[in-house]
Amino acid sequence: MAYDSPRTPLMVGNWKLNLDHLQAIDLVQKLAWTLKDAEHDYDLTEVVVAPTFTSLRSVQTLVDGDKLPIKYASQDVSSHASGAYTGEVSAEQLAKLGVSFAIIGHSERREYHNETDELVNAKILAALGQGITPILCVGEPLEVRQASEHVAYTLAQLDGALAGLSPEQVGGIVVAYEPVWAIGTGEVATPDDAQEMAQAIRARVAETVDADVAAGLRILYGGSVKADNVKEIMAGADVDGALVGGASLKVDQFAPIAGFRAL
Ligand SMILES: O=C(CO)COP(=O)(O)O
């Protein structure tokens, strides 16, 4: 069955702490060439890579110089605009490098850097203020899933992240559902699990924010997405794309994910 949705699918490669700037250039070039050979239509599926901060300038130079239709994201952003915040990178600095998206609230940042819903909320506002689209990550750990409390847990993260945002602001974000137990484990959520949560997220936004904003909201699934399972995941009516870790580091995996319509 052909993919059929009013929302443009979005495929994001989260490279995490992998690849130096030379390897980043190599991967983006190979990805662009492979997608060109496959006659990829970027209007039909948006393609984004999220390198480390140190590679963003190199990726910008390549994308601008060769006019590549690939967009790029940061993996985080500071909630602060400027000042004495050693190690932080501001949304304004990222915007000046042509960064279109910022991954915010990834479970690895929540776990290893103690990021709270309040901080995630502040980072979303910082990104939006500079015209960067936040990719808000939410999702439950294994014990929450085992207790069947995954929907309530994930929607509470969503509520916290969106607190105080106007409907227009919520209309400018992307939500990624990433169950922690499915990240890097090879344990992929079933297409029904992904659809269940995507539907619940959309319904929550319709209820608490605005029905039209909810209808247009792009909701991604992340967690062990590979070329051989992406099509089933994308079959969920409320699933609009994927946030891909390990498989985004390999062109022969990520290019078919971007081109999932042809699989
Ligand atoms: O965390 C993820 C993307 O942000 C998912 O990682 P994997 O695709 O490696 O499971």
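Every residue, even glycine, has its Cβ placed from backbone N, Cα and C.
The substrate site in TrEMBL is built from N14, W15, K16, S224, G245, G246 plus one of G65, G184, G259, namely G184. Ligand 1 lies within reach of G245, G246 from the binding-site residues W15, K16, G245, G246, judged by a C-beta closer than 6 angstroms to any of its atoms. Ranking the binding-site residues G184, G245, G246 by how many Cβ atoms sit within 10 Å of each one's Cβ puts G245 at the top. The maximum pairwise C-alpha distance among N14, W15, K16, G184, S224, G245, G246, the residues recorded as binding substrate, is 14 Å.
The Cβ of E178 (active site, proton acceptor) has 28 other Cβ atoms within 10 Å, all protein chains considered.
The substrate site is set by N14, W15, K16, G184, S224, G245, G246; from the centre of their CB atoms, other residues of the chain with a CB within 8 Å are I183, V244, A247, S248, L249.
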